[in-house]
């Protein structure tokens with residue numbers, strides 16, 4: 001690859017040419033054809049557009065700076081022309097300071113760089129017969145009309161070679177390289193052409209020129225307006241078709257035209273929408289089962305015995321609960337939690353257990369079937385051997401290659417940007433920076449916990465909970481609820497602020513790390529960002545699920561945080577309802593925030609830009625100027641869309657035992673997300689530079705890790721966060737003799753047996769409540785589920801036999817549930833192959849055809865040539881040794 005790049009690109013390098021030797025673009029006026037995609041001659045297609053501000057009209061920089069910028073730009077454009085590109089400059093219609101430089105790649109340049117970049121191109125039409133699926137008739141109802149968007153013809157492809165041009169399927173030189181491939185080749189050249197040399201270090205690439213402001217924009221053109229087809233009859237108006245048949249809200253229930261998306265935007269965007277569509281379709285099954293479990297909880301909540309006991313004035317009404325904080329809090333009645341106990345019955349039911357087991361299996365099916373679908377797309381989109389053959393070194397990496405090392409494979413010297421020691425230093429620094437930011441998030445989580453502990457005292461004083469009180473608001477707004485909701489909102493705000501800051505830090509760290517290829521760069525950044533986001537988004541949920549209310553002691557001997565703040569306690573029904581609240585706030589708030597950030601802001605910016613342009617002029621505007629006023633795609637492309645969806649995938653799988661409706665909310669969100677992302681790409685943003693992608697990159701192993709972790713978290717939520725195991729232990733063991741007094745298994749008496757008794761005379765002075773004691777009772781009950789011996793027992797306030805039964809049952813449940821689900825996951829992974837037999841056959845057929853056309857033809861030519869040479873040699877030998885005729 002290095003040799004090929006040297007042969008093609010390096011001739012443009014060297015000393016900067018003199019002013020009089022610089023090549024300059026052709027100049028042409030706008031021809032009043034707003035939909036034209038060609039130079040002024042109407043023959044040469046515009047493959048890329050560069051935009052700069054006329055240096056002579058700039059007023060914001062010093063004159064010397066303007067001259068330097070102009071010089072760099074002129075050198076760059078001259079070197080582009082030296083590389084074979086053709087340039088045409090046109091002044092802006094709306095702003096005379098702007099100059100648009102249109103770039104065209106001739107046939108010879110496209111062929112040369114297609115070979116350098118190992119781009120796969122058609123050899124011959126695919127002759128394999130395809131069998132329609134049994135469900136083809138059903139899926140046809142949801143597919144785009146084939147008369148509107150015609151299916152792409154399938155070809156066998158091979159990496160392009162100029163010397164074998166006759167073997168490729170070239171019917172028309174103008175259409176052999178489609179617009180996406182042409183733009184990709186031109187961007188490859190733009191990224192590697194030099195514009196200056198300083199201290200023997202070459203400076204090159206359009207990205208640096210954009211960063212320094214020499215160029216204001218660089219982008220390929222959309223082929224038409226999204227509102228109406230192009231006026232050019234030869235233009236396919238693919239952007240208009242994509243908007244009408246894909247991005248428009250009316251298509252929300254239609255399947256996506258993935259091949260058409262890939263053709264227009266490239267494989268990288270195509271694979272994202274293929275994955276998102278596949279994930280959304282799989283969510284339908286999970287959502288149906290989740291809704292079923294939720295309805296089961298709703299239908300059975302009226303039969304929830306323990307909730308009835310809480311609400312019963314003769315049972316819950318006679319149970320006085322101990323204060324939940326020191327001094328400021330008062331005694332309160334258990335019936336206050338009646339409403340929350342009813343809600344808890346919906347989520348803390350047998351259906352939740354069934355759904356948690358189902359989701360552990362569902363996530364495996366999703367990942368395995370996606371691998372098969374991804375393998376099909378790799379073949380259909382010619383990315384099977386992309387990473388090994390096609391992917392190029394990043395220009396930023398090439399620019400830093402100054403150290404000579406020996407390649408272990410080729411045993412030849414090659415240039416690298418750093419030594420082994422330098423690489424270790426970089427990796428150590430980057431790892432340390434990532435861990436520092438993760439620790440910073442943990443510190444913020446601890447801050448939220450301290451807030452919860454301290455503000456609970458305030459809400460307890462404000463929302464006074466006297467036993468005799470009858471305020472209606474107390475049924476819904478308890479100190480626990482107020483603390484939980486405000487803490488969730490503050491946690492959400494902290495998460496969003498840290499996201500914005502760490503986003504920039506992660507990019508800086510990855511730039512410093514200097515990965516070799518774009519895939520390496522994105523995978524490295526993905527890992528860093530996800531580690532951060534994982535801790536940022538999930539830490540508060542992990543705290544509520546597995547730590548809150550687990551280490552609180554008992555009323556006479558509470559546990560304190562930092563020696564000052566008394567540890568938080570869960571409601572009598574556990575922390576499951578609070579975990580559900582936390583998930584709803586974060587997932588809902590995140591969806592709203594992302595939609596505002598991703599859709600509303602670009603729309604408002606474009607709206608303002610259009611109004612400003614309309615106010616200046618009513619002139620006809622060319623296509624390149626219309627596209628310039630759209631929003632630019634960020635350097636990371638769809639990275640944040642992937643991140644958003646994988647974080648959602650984590651919420652759907654990791655904590656689904658606490659919220660069975662999560663898949664339904666995710667399904668609704670994703671159906672909108674697909675169309676919003678499509679609408680955003682087709683209407684609000686400039687056309688992205690088409691890029692290759694073999695798969696979804698580092699997101700695949702990340703999702704596999706989440707799937708493994710989800711089994712553990714859901715098992716632990718059911719065991720430690722929900723109240724299911726204590727209820728089952730009571731039902732089967734402690735409701736009947738020898739521990740219980742009932743004649744048959746029942747849930748009656750559960751509440752009374754699980755809330756431990758505490759003698760109010762045993763309160764320490766530091767925690768004794770200020771409020772007076774109402775009534776004649778001398779005891780109160782612990783707020784959370786606790787199993788301790790009563791006062792007066794020889795082991796008073798120590799854990800009783802019920803506690804150890806429950807602990808044993810919880811541990812047994814976790815072990816059994818994990819092993820069963822992991823075993824099923826293993827069987828599913830083994831049974832479902834990653835690549836279908838049909839795809840394997842297609843790959844083998846393509847390799848056979850490639851070998852036959854490209855290699856066997858060469859052998860025939862060699863044999864034919866060698867045969868002629870052999871005949872000549874034999875004739876020469878015969879004439880030498882044949883005796884002369886007498």
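Quick reminder: no glycine exception, Cβ is built from N, Cα and C everywhere.
Automatic, uncurated: that is what TrEMBL annotation is.
The domain 'Anoctamin dimerisation' feature in TrEMBL is assigned to 38-258.
Positions annotated as domain 'Anoctamin transmembrane' by TrEMBL: 261-846.
If you look at the transmembrane segment (272-297), the same-chain residues 6 or more away from its ends with a CB under 8 A from one of its CBs are 255-256, 258, 261, 345-347, 349-352, 354-355, 358-359, 362, 365-366, 369-370, 373-374, 377, 638, 641-642, 645, 649, 652, 656, 660-664, 666-667, 670-671, 673-674, 677-678, 696. Annotated transmembrane segment per TrEMBL: 272-297 (among others), in sequence order.
The transmembrane segment annotation in TrEMBL covers 350-370 (among others). Same-chain residues lying 6 or more positions outside the transmembrane segment (350-370) and placing a CB less than 8 Å from one of its CB atoms are 275, 278-279, 282, 285-286, 289-290, 292-294, 296-297, 652-653, 656-658, 660, 663, 700, 703-704, 706-707, 710-711, 714-715, 717-718, 722, 724, 817, 820-821, 824-825, 828-829, 832, 834.
Distant neighbours of the transmembrane segment (434-462): 324-325, 328-330, 479-480, 482-484, 486-487, 490-491, 494, 498, 502, 505-506, 509, 528, 531-532, 535-536, 539-540, 543, 561-562, 565-568; these residues of the same chain sit at least 6 beyond its ends, with a Cβ under 8 Å from one of its Cβ atoms. Per TrEMBL, transmembrane segment is recorded for 434-462 (among others).
Packing against the transmembrane segment (482-502) from elsewhere in the chain are residues 437, 440-441, 444-445, 447-448, 451-452, 455-456, 459, 463, 529, 532-533, 536-537, 540, 578, 581-582, 585-586, 589-590, 593: each is 6 or more residues past its ends and has a CB under 8 Å from a CB in it. According to TrEMBL, the transmembrane segment annotation covers 482-502 (among others).
What TrEMBL lists as transmembrane segment is 645-668 (among others). Beyond the ends of the transmembrane segment (645-668), by six or more residues, the same chain brings 276, 279-280, 283-284, 286-287, 289-291, 293-294, 297, 347, 351-353, 355-356, 359, 363, 530, 533-534, 537-538, 541, 545, 576, 579-580, 583-584, 586-588, 590, 699, 702-703, 706-707, 709-710, 713-714, 717-718, 721-722 to within a C-beta distance below 8 angstroms of the stretch.
Long-range neighbours of the transmembrane segment (702-721) within the same chain, counting only residues 6 or more positions beyond its ends whose Cβ lies under 8 Å from a Cβ of the stretch, are 352-353, 356, 359-360, 363-364, 367, 526-527, 530, 544-546, 550, 574-576, 579, 646, 649-650, 653-658, 810-811, 813-814, 817-818, 821-822, 825. Annotated transmembrane segment per TrEMBL: 702-721 (among others), in sequence order.
According to TrEMBL, the transmembrane segment annotation covers 811-832 (among others). Sequence-distant contacts of the transmembrane segment (811-832) (same chain, at least 6 residues past either end, Cβ-Cβ under 8 Å): 356-357, 360-361, 364-365, 368-369, 372, 707, 711-712, 715-716, 718-719, 725.
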